[in-house]
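A.B. asks: When I checked Swiss-Prot for this same protein, it listed these features:
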{"type": "SIGNAL", "residues": "1-21", "note": "signal peptide"}
{"type": "DISULFID", "residues": "Cys36-Cys86", "note": "disulfide bond"}
{"type": "DISULFID", "residues": "Cys48-Cys74", "note": "disulfide bond"}
{"type": "DISULFID", "residues": "Cys53-Cys80", "note": "disulfide bond"}
{"type": "DISULFID", "residues": "Cys57-Cys82", "note": "disulfide bond"}
Amino acid sequence: MKKTFSFTVLILFVIPLLVTGLMDSMPQRHPVEGWCKRPLPNQKPGPCNNDRCSARCKEQKQFEFKGGKAMGICSSENRCLCTFRCR
């Protein structure tokens, strides 16, 4: 009984240390790493519309990436910014 108890305590103590050590050694990536944001090149003056901005970003060939298309969002300065995969 005593050996089983000490073995269990040892396992419960060693496994979390191993897992923590393995997790620390893995490279951590920032969630937005590899994504770029550029202004829409041919934006007309006037207020920015999110739906139109997103549609125009998806139409731009320069913002296409493998497996998807760009997303557009209006900035606080009424500029359309296209977010796309740049790596």
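Every residue, even glycine, has its Cβ placed from backbone N, Cα and C.
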A.B. asks: Filter the disulfide-bonded residues Cys36, Cys57, Cys82, Cys86 down to those whose C-alpha lies within 10 angstroms of the C-alpha of Cys48 (disulfide bond); answer none if the list is empty.
C.D. replies: none
A.B. asks: Roughly how many angstrom lie between the C-alpha atoms of Cys74 (disulfide bond) and Cys36 (disulfide bond)?
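C.D. replies: Just about 15 Å between their Cα atoms.
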A.B. asks: Where the distance is taken from Cα to Cα, which of the disulfide-bonded residues Cys36, Cys80, Cys86 turns out closest to Cys57 (disulfide bond)?
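C.D. replies: Minimum Cα distance from Cys57 (disulfide bond) across Cys36, Cys80, Cys86 lands on Cys80.
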A.B. asks: Just name the most isolated of the disulfide-bonded residues Cys36, Cys48, Cys86, going by other Cβ atoms within 10 Å of its Cβ.
C.D. replies: Cys86
A.B. asks: According to DSSP, folded down to helix, strand and coil, what is Cys80 (disulfide bond)?
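C.D. replies: For Cys80 (disulfide bond) - judged by DSSP and reduced to three states - the answer is strand.
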A.B. asks: How big is the gap, in Å, between the Cα of Cys36 (disulfide bond) and that of Cys82 (disulfide bond), rounded to a whole number?
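C.D. replies: With distance taken Cα to Cα, Cys82 (disulfide bond) is 8 Å from Cys36 (disulfide bond).
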